Amino acid sequence: MAVVSRQDPCLREVVWFAVCCRALTLLLQASPLFLSQKAVFNLLIPDHAADAFSPPRLPEPGLWDLLLEQLLGGLSRWDAEHFLFIAERGYLYEHNCAFFPLYPLALRALAEGALWPLQRLLRLRSRLLLSAVLLNSFFSILAAAALYKLGCAVLRCGRLAFLAALLFSLSPANVFMAAAYSESMFAFLTFSAMWQLEKGQSWLSGLLFSLASGVRANGLINAGFFLYSRSKCFALQLQGGSGSVRKLPPLWKQLLSLASSAVLVCAGIFLPFALFQYYAYVRFCGAGTDLEPTVPKLLLQLALDKGYRLVATNGDKPPWCSQRFPVVYSYIQDAYWNVGFLRYFELRQIPNFLLALPVTLLGSWAAWTYIIANPRHCLTLGLERRKSEEGGKPSAGFCCPAVFVYVVHATVLLAFGFFCMHVQVLTRFLGSSSPVLYWFSAHLLQEHEPLLRSEGTDHQTAALGSEKSLRGQSGSCGKRTPENPVVRLLLNCGLITPLGKCILGFFLSFWLLGLILHCNFLPWT
């Protein structure tokens, strides 16, 4: 990345801005030692007594553990407790299986590897928390860089890709990119896989998508990108001129190649999910085991007090074990968190729907804007060859044909999250899974902000298909480090249009409020 960043000043600025935003997040979350030795926001707001998973600390923490907890403890709230507990003790409780294993494995590897020299000072749980902060900082920076490269490939407008990548560092889901959650790792793997697929690296893209499905369950949906890419390539070949058709292999060979590659890649993407479900079945539905010698009594007592199900003992198996398809993930979502179609549509959930309103409106507006700009392209699912493509001059910007599959992906996630999930998680759900939230926000700012239009941004400048030409496209920022458009807007906030204030207000308010509320165990997205 260092070599690339020297060649591309925009990428260098994206990485630098991401580093600064991550450092600012950690600085705001924890105050300097000489000021208070307590998290800044923990001083402003007392911790909320949340009825969330909070296992006892075993063994008792030492002085350095307590110090680290004071500085970074705000990043171990809510679901972060699950990830840290799994990394430390494995899948002891049934409902831990809602959290996929790749991220906890990475935490354990770093804690036992690079941070092993600290074992005399910090117990394992503290090293896991420190590992989470380091890994998430690293992955969030890489995700910003991957989003920039993906934007250059898809949008074919370097300046729009540049602005979108900068907005990612101010993501409304910022606190979940910093806390011990899997969002940063998932965003990096997903954006990187999308970028590799745009470059034609199908097998590398499939590998990255497969790893992403080992981080979060919604990584399975990413198989649609590969299926669409192969289907579109096949459809466009069939619509080629008579001269090009004669050069192609027979139709049956093309269909066989399409089907075999689709099956192999999709099987690879689904494999981590299937293996994890099998592991859970063997662990919780297999022969009963005696837990007494291996599990501390405090953890056994926690299971009794809270009703947590442990590994099967004395033949007592959970109900999902007897299902035709014993999938623990869907059972946990249903039984523990009441996740299902329209189950969240209750009057008492109105505040959570209000939390999800900004991202819902933005996502819906993005889909509507794209449909209005490309009605025929949407009706034909983007499988019809366009005259502009035949001339070798594809359009650029958010409404270009290449964005279609990303808009469909974001819309599916938005609809599923709104109707079937706890709606308040929509912000981090979309913010870590889809580039559309950032592309469309950048599109609106470029279109409506005079401060950005005065830079001479040309949305319709098409880039050539090669990686070298993409670097040249983004290199339109100049050989020198480009001016950061986000910083320019913030420094001239009085000149920003009402629409720009709404967009930046949404990003910045959620960026800051997430830190204040989440770090003090208050409900957030």
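Glycine too: its Cβ is placed from the backbone N, Cα and C atoms.
Pulled from TrEMBL, these are the features on record:
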TRANSMEM  128-148  transmembrane segment
TRANSMEM  160-182  transmembrane segment
TRANSMEM  203-228  transmembrane segment
TRANSMEM  255-276  transmembrane segment
TRANSMEM  353-373  transmembrane segment
TRANSMEM  395-419  transmembrane segment
TRANSMEM  489-517  transmembrane segment
Dominant neighbour of the transmembrane segment (395-419) in 160-182, 255-276, 489-517, by Cβ pairs under 8 Å: 160-182
Stretch-level contact, the transmembrane segment (489-517) and the transmembrane segment (160-182), CB cutoff 8 A, at least 3 pairs: yes
Which of 128-148, 203-228, 255-276 contacts the transmembrane segment (160-182) most, counting Cβ pairs under 8 Å: 128-148
Criterion met for the transmembrane segment (203-228) and the transmembrane segment (128-148) (at least three Cβ pairs under 8 Å): no
Chain residues in Cβ proximity to the transmembrane segment (255-276) (below 8 Å; excluding those fewer than six residues from its ends, i.e. six or more beyond): 97, 100-102, 202-203, 206-207, 209-211, 213-214, 217, 219-220, 222-223, 226-227, 230-231, 234, 249, 329
